[in-house]
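Look at Swiss-Prot and you will find 25-45, 49-69, 80-100, 111-131, 144-164, 165-185, 201-221 tagged as transmembrane segment, backed by sequence analysis.
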Amino acid sequence: MQHDVYDYTAHTVSKNTVLQKTYRLLGFSFIPASAGAALAANAGFNFYAAFGSRWIGFAVVLAFFYGMIHFIEKNRYSNTGVTLLMVFTFGMGVLIGPVLQYALHIADGAKIVGIAAAMTAAVFLTMSALARRTRLDMNALGRFLTVGAVILMVAVVANLFLGIPALALTISAGFVLFSSLMIMWQVRTVIDGGEDSHISAALTLFISLYNIFSSLLNILLSLNGED
């Protein structure tokens with residue numbers, strides 16, 4: 001009996017340690033992300049414009065995004081994985097830099113960026129709290145999120161051809177919902193012991209928060225009359 005209690009306690013401590021390390025690494029990951037965004041915004045660097053074609057730029061972004069995720073996951077238990085995560089977040093900061101530069105140079109732009117950031121933080125805190133209490137089937141939610149990810153990617157590619165503003169807003173709203181659920185799923189998976197790598201968990205949470213912030217920023221800019 002004592003042995004069973006010890007095993008349960010040790011397992012609980014282990015899961016809590018992974019979650020704590022995940023949150024800590026997630027916080028650190030925003031340092032290079034902020035540096036990348038500030039660098040790109042101050043330098044006026046536009047990644048897509050640098051290639052002279054949005055298609056080439058889009059392909060390079062996809063290669064960077066999924067390539068880095070692959071290498072981070074391959075090193076998910078080592079310090080190399082942490083280093084690669086920092087490189088990844090810096091790169092993602094560079095990508096969002098031009099949007100921030102644009103937003104900060106329009107009327108009420110700083111306020112809009114602040115609102116998007118505050119709403120993102122609120123979503124994260126809310127979904128993290130819900131993850132501790134939810135009774136949802138995480139396997140079913142995981143399957144739903146997989147289907148949702150495919151639908152969103154198809155919609156993104158389709159709108160590159162169509163260029164419909166209303167569809168772009170719908171996609172942004174979809175990313176907010178999808179990423180919010182992803183936060184809850186990832187945190188709950190760590191709590192349940194289904195994820196033992198704080199690097200992988202932090203990566204998922206960073207991408208989710210990045211998507212929420214950028215999507216909310218797009219929505220708020222559109223509501224403010226800015227395309």
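Yeah, the Cβs are placed from backbone N, Cα and C, and that goes for glycine too.
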How about long-range neighbours of the transmembrane segment (80-100): same chain, 6 or more residues beyond its ends, C-beta under 8 Å? 25, 28-41, 44-47, 61, 64, 68-69, 71-74, 113, 197, 199, 202-203, 206, 210, 214, 217-218
Six or more residues out from either end of the transmembrane segment (25-45), which same-chain residues have a Cβ under 8 Å from its Cβ atoms? 82, 85-87, 89-98, 100-101, 104, 198-199, 202, 205-206, 209-210
Given the transmembrane segment (111-131), its same-chain partners at Cβ distance under 8 Å and 6+ residues beyond its ends are 100, 103-104, 176, 180-181, 183-185, 187-188, 191, 205, 209, 212-213, 216-217, 220-221, 224
